[in-house]
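Visitor: Got a structure for you, written out below as structure tokens; questions coming shortly.
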Amino acid sequence: MGALDSLSEYISDYFRVTRKRRKRKVMQTVNIKVKMDCDGCERRVKNAVSSMKGVKSVEVNRKIHKVTVSGYVEPKKVLKRIERTGKKAEIWPYVPYNMVAYPYAVGTYDKKAPAGYVRKSEQSQLQLLPGAPENHYISLFSDENPNACTVM
């Protein structure tokens with residue numbers, strides 16, 4: 001009986017360790033941009049996403065081409081599921097205008113962006129960092145600089 005007891009303890013310990021290693025999914029909200037033209041497109045996308053395991057709520061805004069999914073899901077899996085419907089999809093590339101400290105960076109304004117949104121840009125986020133290098137182009141054309149370009 002001693003061998004069976006030790007074997008059963010070994011097996012139970014093995015399964016206990018594998019249970020602890022399982023990655024728990026976290027509750028998150030995934031925003032995806034999907035081109036939708038009609039009620040059928042909207043219904044098809046909503047049904048495809050709502051049938052996924054772990055989805056708590058699905059909101060579709062056809063006016064700004066946005067699908068918001070809340071639940072215990074991974075963004076890549078939601079994106080793949082929407083692409084299976086035949087629609088082109090991408091992670092929501094915009095942020096609200098008032099959330100960006102300096103939205104005047106190159107590439108942030110997009111004609112296709114919904115009203116009140118600007119495109120996410122890495123350049124505008126880099127300017128917010130305290131140790132970010134600054135460009136001193138203005139000092140090149142000052143009167144105190146003897147090497148500055150002058151037109152007489």
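Just so you know, the numbers here start at 1 and follow the chain as drawn.
Positions of Cβ are set from backbone N, Cα and C atoms, glycine also.
Got these off Swiss-Prot a minute ago, pasting:
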- Cys38, Cys41: Cd(2+) binding site (BINDING)
- 27-90: domain 'HMA' (DOMAIN)
- Cys149: S-farnesyl cysteine (LIPID)
- Cys149: cysteine methyl ester (MOD_RES)
Visitor: If you count other Cβ atoms within 10 Å of each one's Cβ, which of the binding-site residues Cys38, Cys41 has the most?
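Guide: Highest number of other Cβ atoms within 10 Å: Cys41.
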Visitor: Secondary structure at Cys38 (Cd(2+) binding site) (DSSP, helix/strand/coil)?
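Guide: Coil, per DSSP.
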Visitor: Tally of helix, strand and coil residues over the domain 'HMA' (27-90) according to DSSP?
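Guide: Residue counts in helix, strand and coil order: 21 helix, 22 strand, 21 coil.
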